[in-house]
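Chemist: Feature list, courtesy of Swiss-Prot:
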type    : residues                                                                                       : note
SIGNAL  : 1-18                                                                                           : signal peptide
REPEAT  : 80-101                                                                                         : repeat '1'
REPEAT  : 102-123                                                                                        : repeat '2'
REPEAT  : 124-145                                                                                        : repeat '3'
REPEAT  : 146-167                                                                                        : repeat '4'
MOD_RES : Ser147                                                                                         : phosphoserine
REGION  : 158-168                                                                                        : region 'LDL and other lipoprotein receptors binding'
BINDING : Leu162, Arg163, Lys164, Arg165, Gly229, Glu230, Arg231, Leu232, Arg233, Ala234, Arg235, Met236 : heparin binding site
REPEAT  : 168-189                                                                                        : repeat '5'
REPEAT  : 190-211                                                                                        : repeat '6'
REPEAT  : 212-233                                                                                        : repeat '7'
REPEAT  : 234-255                                                                                        : repeat '8'
Amino acid sequence: MKVLWAALLVTFLAGCQAKVEQPVESEPEPELRQQTEWQSGQPWELALGRFWDYLRWVQTLSEQVQEELLSSQVTQELTTLMDETMKELKAYKSDLEEQLSPVAEETRARLSKELQAAQARLGADMEDVRSRLVQYRGEVQAMLGQSTEELRARLASHLRKLRKRLLRDADDLQKRLAVYQAGAREGAERGVSAIRERLGPLVEQGRVRAATVGSLAGQPLQERAQAWGERLRARMEEVGSRTRDRLDEVKEQVAEVRAKLEEQAQQISLQAEAFQARLKSWFEPLVEDMQRQWAGLVEKVQAAVGASTAPVPSDNH
């Protein structure tokens with residue numbers, strides 16, 4: 001009987017243990033859960049997920065990993081993944097800072113300082129991983145030809161610790177970014193509320209103006225056309241009257257100019273006649289005097305010629 005009870009007790013305990021262990025096995029590991037969140041998150045989280053996957057592969061310390069560690073290929077790949085992660089993280093942080101502009105300056109400075117510290121811790125963790133692998137490569141090269149089992153064991157232990165620290169700091173950074181994003185969203189909502197308060201009166205004025213325009217649009221088309229026609233007719237009459245007045249002014253100005261020109265021409269003609277008479281009074285006495293002198297000279301010449309042609313008396317008679 002005791003044996004039967006002991007068998008039943010063992011069976012019961014085994015069943016309880018199976019029930020207890022079953023949900024534990026079904027729960028995903030924290031690292032796997034975190035990796036799933038990274039793969040479906042922001043660009044910086046995706047880049048960090050690639051770094052995490054590569055680090056898990058390095059931690060296997062397979063023959064291929066050890067070969068690439070000795071050739072510095074692993075450290076180069078980790079450096080590339082680190083730079084990519086930090087670049088995406090800085091870009092995401094800059095976007096959030098732009099969205100935080102409506103938030104108070106003190107709150108924005110505090111959040112930025114906390115986020116900067118978390119970002120620095122994550123970068124230091126990744127740098128520690130890379131430095132530890134560089135150190136391992138140097139140690140292996142120094143022990144060329146000797147057993148490196150102890151070095152691999154120490155490296156595996158260090159990598160496990162670094163992975164836990166990296167996971168913790170990445171989770172902390174994720175939470176701080178979530179707070180940062182919530183603050184940005186709250187600031188954006190405040191900014192929208194302020195814009196609505198400023199634009200509310202303008203929108204109301206626009207609504208009233210639209211209603212006024214709508215009431216004007218409801219008038220009969222014929223009345224509006226007549227009103228426009230009367231305005232246009234009055235405008236044309238005003239323009240025509242101004243044009244006629246301007247033409248009259250131009251005509252008067254042309255007549256004045258013509259009268260002045262005729263007067264000036266008459267004055268010039270009189271001045272020319274007076275000048276001509278003056279010239280004539282100057283030169284007529286000179287001409288008459290020259291004519292008299294010329295006539296006297298001709299008479300003298302003729303007299304001299306006549307005297308020279310008379311016959312000379314002869315002494316023989």
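Keep in mind that glycine also has a Cβ here, set from the backbone N, Cα and C atoms.
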Chemist: Give the maximum pairwise CA distance in Å, whole number, for the residues Leu162, Arg163, Lys164, Arg165, Gly229, Glu230, Arg231, Leu232, Arg233, Ala234, Arg235, Met236 listed as binding heparin.
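Modeler: Max Cα-Cα spread across the heparin binders: 91 Å.
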Chemist: Round to the nearest Å and give the CA-to-CA distance linking Arg231 (heparin binding site) with Ser147 (phosphoserine).
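Modeler: Cα-Cα distance, Arg231 (heparin binding site) to Ser147 (phosphoserine): 108 Å.
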Chemist: If you count the other Cβ atoms within 10 Å of each Cβ, which of the binding-site residues Lys164, Arg233, Arg235 comes out on top?
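Modeler: Compared across Lys164, Arg233, Arg235, the most Cβ atoms within 10 Å surround Lys164.
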Chemist: Would you mind reading off the Cα separation of Arg233 (heparin binding site) from Ser147 (phosphoserine), to the nearest angstrom?
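Modeler: The separation of the Cα atoms works out to 111 Å.
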Chemist: Roughly how many Å lie between the Cα atoms of Arg235 (heparin binding site) and Ser147 (phosphoserine), rounded to a whole value?
Modeler: 109
Chemist: Using a Cβ cut-off under 8 Å and a sequence separation of 6 or more, which residues in the same chain sit near Leu162 (heparin binding site)?
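Modeler: Sequence-distant Cβ neighbours: Asp125, Asp128, Val129, Arg132.
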Chemist: Which chain-mates of Gly229 (heparin binding site) that are at least 6 residues away have a CB under 8 A from its CB, listed by sequence?
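Modeler: Spatial neighbours, sequence-distant, of Gly229 (heparin binding site): none.
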Chemist: Tell me the Cα distance separating Ser147 (phosphoserine) from Lys164 (heparin binding site), rounded to the nearest angstrom.
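Modeler: Checking the Cα atoms of Lys164 (heparin binding site) and Ser147 (phosphoserine) gives a distance of 28 Å.
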Chemist: Return the average pLDDT for the repeat '7' (212-233) as a whole number.
Modeler: 62
Chemist: Quick one: what's DSSP say for Ser147 (phosphoserine), helix, strand or coil?
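Modeler: Ser147 (phosphoserine) sits in coil per DSSP, no helix or strand.
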Chemist: Need the DSSP three-state call for Arg233 (heparin binding site) to compare against my parser.
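Modeler: Reduced to three states, the DSSP call for Arg233 (heparin binding site) is helix.
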